[in-house]
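Below: the structure, in structure tokens.
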Amino acid sequence: MPTPTSNGHASRVQIQEPRIMSPLPPSSSPIAFKEQQGRPPPTTQQTIAGKLFRTLFKGLLFSQLTLISLLVIVLTIRGLISASTHHFHLKKWYPPLLASVAVSGIASLAWQCIFIYNPSRAVKATFWLSPILTCSVGILLVLIGSAVDAGIGAVFVLFAITQSLYGCWITPRLEYTDKILSLATAFPPARTREVVCLSIIVSVVYSGFLVTGIGGATSTRTNLDILFISVIIISLAWTMQVIKNVQQVAISRARYVNFAHGEDMDAWNAFRITMKHLTGSICVGSTLVPIIVFIRGSIRSVNLMSGSSDEVMYSGADCFSTIANKLITLGNRWGFVHVGTYDKGFMEASSDTWKKFRSTTGLEKLIDSDLTSSFCFLSAVSVGAVSSLTAGIWMLLIHKDYALEVTLYAFIIGYFVGRVGLAWLQACVLAYYVAYSEDPQSMRFDGTIPQRIQRLQMLSAHRDNRELEVGRDREEDSYNNC
């Protein structure tokens with residue numbers, strides 16, 4: 001990736017400048033040992049069950065890829081043969097959706113270029129552009145005309161409003177987010193661009209391939225075909241997660257080497273090692289992380305709505321919080337850094353990284369409120385919205401009957417392609433936090449994180465004092481009323 005030209009934050013830190021340090025003995029530099037051996041050595045004795053688990057998930061990945069490919073080929077051939085008898089217009093259905101898939105890849109690359117050359121504006125633009133684009137998709141669906149289309153369009157509009165409210169809520173945190181992203185991504189590992197471009201190309205080609213199968217199933221529209229389409233979409237989601245996390249493990253490993261040891265590592269070499277040795281652990285993480293993130297998000301929403309005024313609700317929220325704190329140690333995205341660096345199993349890596357966060361005062365709360373994942377999510381939503389608008393408007397003009405399904409397919413595919421394209425950004429931030437947690441006193445880090453932790457502690461103390469004063473006022477009012 002080209003070096004940012006307007007990155008003011010990064011100019012004040014030493015860590016990002018890649019350099020080759022003097023050779024160290026294996027005992028003092030595990031990274032040097034790993035590079036000599038060609039793969040990351042395990043830090044602990046791997047259990048037979050852990051190896052079997054990873055082998056099972058790796059086999060599951062390649063098995064489903066094979067079976068889905070065969071299914072797509074069969075559905076495509078059947079769709080071509082039966083299109084004329086079922087009045088399915090191939091030339092009207094395929095071009096808009098395939099074009100939207102290509103647009104998603106272009107938009108993903110363009111978004112990265114915007115971020116690289118002006119991170120601050122890209123971060124701010126994401127939080128206001130995503131609601132606008134999402135609302136546009138909703139309006140487009142409403143214009144299609146049917147009740148179902150209008151209902152789904154209303155959901156998109158509601159989602160856009162939620163994004164807008166969220167953007168207003170997190171505005172005070174944008175400055176820190178801009179700073180941490182600038183620091184972590186200032187000097188990407190060598191050949192990062194090749195890894196990112198390859199990942200996007202693979203995701204676009206694979207998505208286009210699956211579209212042909214979806215079209216073949218749509219041509220006959222039986223109940224069994226609906227099942228086939230659902231299976232293809234689920235396969236797309238999981239495969240895209242794996243592609244994203246392969247890139248994330250490779251880039252975070254190379255970035256961690258620089259943050260923790262000051263050494264430079266080629267991203268392409270890290271990518272090759274990741275593909276060869278770590279696919280099983282990545283498949284496990286790609287399955288667990290979305291599930292745990294969804295459960296934790298639901299629990300946090302319940303906690304926010306419950307408040308602390310009702311004792312029963314408060315005790316239930318406290319129980320949910322305990323569950324959420326346990327789940328985060330079983331699987332979290334920061335574990336991917338240790339998967340790539342130390343060849344740990346995903347659950348072990350997740351547990352170890354979170355224990356490190358908890359051992360540093362204030363770091364767990366800081367990381368839990370980090371906006372990097374929100375930035376990547378909303379950026380991917382923007383890419384998905386651009387993709388769906390491309391397909392939806394085209395389809396609305398030529399064949400209104402297909403507009404809803406094609407718009408939704410385009411949005412889903414665009415979202416996942418966007419997540420793949422932005423994985424390297426998140427990988428750099430993950431590596432930055434993990435390296436900092438292992439050596440907070442390192443001279444390679446500036447005062448960004450300690451200052452933010454201190455700020456959060458001050459805000460928390462102020463909030464606690466205010467709640468205490470409110471509680472006392474209520475007690476006085478109750479006493480006076482008596």
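Keep in mind that glycine also has a Cβ here, set from the backbone N, Cα and C atoms.
TrEMBL entries are annotated by machine, without manual review.
Taken from TrEMBL, the feature region 'Disordered' covers 1-22.
What TrEMBL records for 60-81 (among others) is transmembrane segment. Taking Cβ pairs closer than 8 Å, the transmembrane segment (60-81) reaches residues 88, 90, 209-210, 212-220, 225, 228, 231-232, 235, 238-239, 242, 279, 283 in its own chain, all 6 or more past its ends.
The annotation transmembrane segment is assigned in TrEMBL to 93-115 (among others). Long-range contacts of the transmembrane segment (93-115) within its own chain (CB-CB distance under 8 A, at least 6 residues past either end) are made by residues 1, 121-123, 125, 185, 196-197, 200-201, 203-204, 207-208, 211-212, 215, 218, 379, 382-384, 386-388, 390-391, 394-395, 398-399, 402, 406, 409-410, 413-414, 417-418, 420-422, 425.
Counting residues 6+ beyond its ends, the transmembrane segment (127-148) has Cβ neighbours under 8 Å at 154-157, 159-161, 163-164, 166-167, 170, 174, 375, 378-379, 381-382, 385-386, 388-389, 392-393, 396, 400, 403-404, 407, 411 in the same chain. For 127-148 (among others), the entry in TrEMBL reads transmembrane segment.
Long-range neighbours of the transmembrane segment (154-174) within the same chain, counting only residues 6 or more positions beyond its ends whose Cβ lies under 8 Å from a Cβ of the stretch, are 123-124, 127-128, 130-132, 134-135, 137-139, 141-142, 369, 371, 374, 378, 381. Per TrEMBL, the feature transmembrane segment maps to 154-174 (among others).
Annotation comment: TrEMBL describes 195-214 (among others) as transmembrane segment. A Cβ distance under 8 Å defines the sequence-distant neighbours of the transmembrane segment (195-214), meaning residues of its chain 6+ beyond its ends; these are 1, 68-69, 71-73, 75-76, 94, 97-98, 101-102, 104-105, 108-109, 112, 228-229, 232-233, 235-236, 239-240, 243-244, 246-247, 250-251, 267-268, 271, 409, 413, 416-417, 420-421, 423-424.
Beyond its flanks by at least six residues, the transmembrane segment (226-243) meets 61, 64-65, 68, 71-72, 75, 199, 202-203, 206-207, 210, 213-214, 217-218, 279, 282-283, 286-287, 289-290, 412-413, 416-417, 419-420 of its own chain at Cβ-Cβ distances under 8 Å. Under the heading transmembrane segment, TrEMBL lists 226-243 (among others).
As annotated by TrEMBL, transmembrane segment applies to 375-397 (among others).
Listed by sequence, the residues of this chain that lie at least six past the ends of the transmembrane segment (409-435) yet keep a Cβ under 8 A from its Cβ atoms are 1, 96-97, 100-101, 103-105, 107-109, 111-112, 115, 137, 180-181, 183-185, 188, 192, 195-196, 199-200, 203-204, 207, 211, 214, 233, 236-237, 240, 243-245, 247-253, 255-256, 259-260, 333-334, 336-338, 353, 356-357, 363, 367, 370, 372-373, 375-377, 379-388, 390-392, 442. According to TrEMBL, the transmembrane segment annotation covers 409-435 (among others).
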